[in-house]
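Participant: Swiss-Prot lists C56-C66, C101-C112, C126-C140 with the feature disulfide bond, giving experimental evidence as the kind of evidence. The domain 'Fibronectin type-III' annotation in Swiss-Prot covers 151-254 and is backed by sequence analysis. The region 'Disordered' annotation in Swiss-Prot covers 353-391. Swiss-Prot lists 340-349 with the feature motif 'UbE motif', giving similarity to another entry as the kind of evidence. Look at Swiss-Prot and you will find 1-18 tagged as signal peptide.
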Amino acid sequence: MDLWQLLLTLALAGSSDAFSGSEATAAILSRAPWSLQSVNPGLKTNSSKEPKFTKCRSPERETFSCHWTDEVHHGTKNLGPIQLFYTRRNTQEWTQEWKECPDYVSAGENSCYFNSSFTSIWIPYCIKLTSNGGTVDEKCFSVDEIVQPDPPIALNWTLLNVSLTGIHADIQVRWEAPRNADIQKGWMVLEYELQYKEVNETKWKMMDPILTTSVPVYSLKVDKEYEVRVRSKQRNSGNYGEFSEVLYVTLPQMSQFTCEEDFYFPWLLIIIFGIFGLTVMLFVFLFSKQQRIKMLILPPVPVPKIKGIDPDLLKEGKLEEVNTILAIHDSYKPEFHSDDSWVEFIELDIDEPDEKTEESDTDRLLSSDHEKSHSNLGVKDGDSGRTSCCEPDILETDFNANDIHEGTSEVAQPQRLKGEADLLCLDQKNQNNSPYHDACPATQQPSVIQAEKNKPQPLPTEGAESTHQAAHIQLSNPSSLSNIDFYAQVSDITPAGSVVLSPGQKNKAGMSQCDMHPEMVSLCQENFLMDNAYFCEADAKKCIPVAPHIKVESHIQPSLNQEDIYITTESLTTAAGRPGTGEHVPGSEMPVPDYTSIHIVQSPQGLILNATALPLPDKEFLSSCGYVSTDQLNKIMP
C-alpha cells in the first residue's frame with residue numbers, strides 16, 4: 001500500500017508543470033499525507049528558510065492586509081514566486097476552494113491587501129503562502145482580532161502651572177485620533193496610552209489608559225527635555241498599534257536658581273515634631289489647670305459645716321472642742337423633757353434681800369412661823385417620786401458626785417458625824433413628849449444621813465413627814481430650846497430631797513438625857529427593823545446594848561421574816577464588847593455658827609452654804625459600815 005502511494009506521489013510531482021493553475025498544486029499538496037512529507041522534506045509547508053507571515057492588521061475594521069518575509073529568495077535554493085491563497089469558512093468545514101490574493105501592490109512589497117469588498121468582520125479567514133506549488137506558511141484569524149489602529153496624529157502640549165519653588169511644572173498633552181478610524185459614528189472605540197521620559201533616559205514612564213485625546217502630565221522638572229509618544233488600540237480587543245511621532249517638551253527656566261536634584265519637603269520630621277509639641281502643650285495645660293480639671297472630673301464632697309464652728313475642727317476630729325462650742329451656744333443645748341424620772345437638783349426658796357436683813361439666820365431657823373411657811377428648812381421637794389427607795393446604788397452615785405463637787409470640806413466631816421449621833425438622841429427626847437412614843441426616832445428621820453467613809457449615804461425617804469413633825473414639835477416648845485443641838489450648816493442636798501446638816505453645838509443636857517433613857521433606845525429596835533433597810537453604826541450603838549433589859553424578841557422576829565435587813569458588822573461587835581457605852585463623857589460647849597457664805601448656786605432655787613471653821617471636837621470617828629445578813633444579826637443580838 002505504501003509503495004503505491006509513493007509511486008503516485010512521484011508521478012504527480014513529475015507532471016506538476018502540466019497543471020494550468022497553482023491552486024490545483026496547492027490542493028494536491030495539502031492532500032498529501034504526512035508520511036510523504038516526511039519522506040520528501042521538500043514538501044514541508046513550514047521551513048526555517050521559507051517565507052513566513054509577519055503580521056495581519058486592520059486599521060479601521062473595514063479593510064486588512066497581511067505581510068510576510070522572503071528569506072527563501074536569499075537562500076541557495078529558489079523555490080519560485082511566493083503566492084498567497086485565502087479562504088473563508090462559513091461552516092465548520094472548509095467547503096470552498098482557495099483563492100489567490102486580490103492585491104499584491106496596495107499594501108506594499110511582500111503583502112496582500114484586502115479591500116472592503118473582500119473583508120467580512122465576523123467571518124473567519126484562513127491564509128497560506130505557497131512557492132512552487134508547495135505551502136510554506138498558513139494562518140487563520142478573524143478581522144476583529146487583527147485590528148491595530150493607526151498612530152494618533154497632531155500631538156502638542158501646553159503649560160498648566162509651575163510650582164512655587166519654580167522647580168516643577170505641569171503640562172497638558174493633546175492629540176487627534178487616526179483619520180481612517182470612524183470615531184464619530186462609534187464604529188471604533190479607541191483607548192490611548194501615553195508614555196514619556198527624559199531625553200537621556202532609556203526607560204519610558206507609562207500612564208494609565210484613557211479614552212480621551214488629552215491628558216495632564218505632572219511634576220516635570222524645569223530645564224529638562226522630555227519625549228512624549230502615544231499609541232491606541234481597539235477597546236476590549238486587539239493590540240496596540242504603532243506609536244505616534246515623538247513629541248519633545250522643553251520647559252523654560254522660571255527662577256534664577258537651578259536645582260539638579262529634587263527638593264523633598266521634610267513632612268515626616270514636621271509631623272514628628274508637631275506631635276511632640278502638642279503633647280508637651282497638653283501636659284503643661286493639664287499641670288496648670290489640674291485643680292479645675294479635677295473639680296470637673298471629680299466634684300468635691302461637701303465638707304460638714306456648722307454655723308459658728310471652724311470646719312478644720314471637724315476635719316481633724318477634735319470632738320471635745322466641738323462639744324464645748326456646742327455647749328456654749330443656747331441653740332445647740334439639748335432640751336430636757338419635763339417627764340424625766342431623775343431629779344437633777346433640789347429647788348430652794350430664797351428669801352428676799354430685805355427679809356434677810358431683818359433677822360438673822362438663827363432666828364429664822366428657831367421661829368415657828370418660819371417653819372409653817374417654810375417646812376423642812378425651806379427646802380422644796382422637787383422629787384418626782386419615781387426614784388425608788390430600794391435603789392441605794394443610784395443614790396450613792398449621786399451622793400458621791402455631790403461630795404466631789406466641793407459640797408463639804410474635810411474640817412466639817414467630824415462635826416457631821418458627831419451631829420448625826422446627837423440628832424438621833426434629840427429625836428429620842430422629843431419622842432417622850434409626843435403621843436407616838438412607841439416609835440423610834442431613827443425611823444422618823446430618814447432624811448438625816450449618816451456619813452460613811454467621809455461620804456454621805458442616803459436613807460429611804462418614806463419617813464420624811466414624821467421627821468418634819470418631830471422637828472416642828474421640838475422647835476415649837478420654848479422650854480426645849482436650851483437642850484437641843486443647833487444645826488447651822490446645810491452641808492449637802494441629796495438628789496432624793498434629803499438635807500445633810502452639820503452640828504454647831506452639842507448640849508450636855510441632851511446627851512445626858514439620851515443616856516438616861518435606855519429603855520427608849522431598846523424600843524427603837526423593833527421599828528428600825530421593820531421600816532429601814534440599813535443600820536448604821538450610830539444607831540446600833542444606841543439600840544443594841546440595852547436589848548437585854550427589855551424583851552423585844554417577839555417584836556423583832558416577825559419583821560425579820562418580811563424583808564432582808566443589813567446592819568453594820570463592826571457596830572454590832574463594838575456594841576457587844578462595850579455594854580456600857582450608853583454613858584458618854586459630855587463635851588465642852590461650842591459656839592453656834594451662823595450661815596456665813598453661799599458656796600455654790602446650783603440653780604435659781606438651789607444653794608450650798610458654807611459655815612465658819614470651828615475647832616474640831618475630840619471624838620472617835622465612826623468606822624466604815626460593813627453589812628451582815630438578818631440571820632447573822634439574830635445570832636449576835638441577845
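Glycine residues also receive a Cβ, built from the backbone N, Cα and C atoms like all the rest.
Small disclaimer: the values here were computed from a predicted structure and weren't measured.
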Participant: Quick one: give me the count of other CB atoms within 10 A of the CB of C126 (disulfide bond).
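Facilitator: So the Cβ neighbour count for C126 (disulfide bond) comes to 15.
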Participant: Using DSSP, break the domain 'Fibronectin type-III' (151-254) down into helix, strand and coil residues and give each count.
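Facilitator: The domain 'Fibronectin type-III' (151-254) comes out at 0 helix, 53 strand, 51 coil.
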Participant: If you count Cβ atoms within 10 Å of each one, which of the disulfide-bonded residues C101, C140 comes out on top?
Facilitator: C101
Participant: So of all those disulfide-bonded residues, C101, C112, C140, which one's Cα sits nearest to C66 (disulfide bond)?
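Facilitator: Going through C101, C112, C140 one by one, the closest to C66 (disulfide bond) is C112.
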Participant: Taking all residues of the domain 'Fibronectin type-III' (151-254) together, what is their mean pLDDT?
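Facilitator: 90, rounded to a whole number.
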Participant: Return the single residue from the disulfide-bonded residues list (C56, C66, C112) that has the minimum number of other CB atoms within 10 Å.
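Facilitator: Taking C56, C66, C112 as the disulfide-bonded residues, the minimal 10 Å Cβ count falls on C56.
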Participant: In three-state terms from DSSP, label C101 (disulfide bond) for me.
Facilitator: coil
Participant: For the C-alpha pair, I'd like the distance in angstrom between C140 (disulfide bond) and C101 (disulfide bond), rounded off.
Facilitator: 15
Participant: What does the structure give for the C-alpha distance between C56 (disulfide bond) and C101 (disulfide bond)? Integer Å is fine.
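Facilitator: Here the two Cα atoms lie 13 Å apart.
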Participant: Cα-Cα, whole number of Å: C101 (disulfide bond) versus C126 (disulfide bond)?
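Facilitator: C101 (disulfide bond) to C126 (disulfide bond), Cα-Cα distance: 12 Å.
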Participant: DSSP three-state call for C66 (disulfide bond): helix, strand or coil?
Facilitator: strand
Participant: Taking just the CA atoms, what is the gap between C112 (disulfide bond) and C126 (disulfide bond) in Å?
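Facilitator: About 13 Å separates the two Cα atoms.
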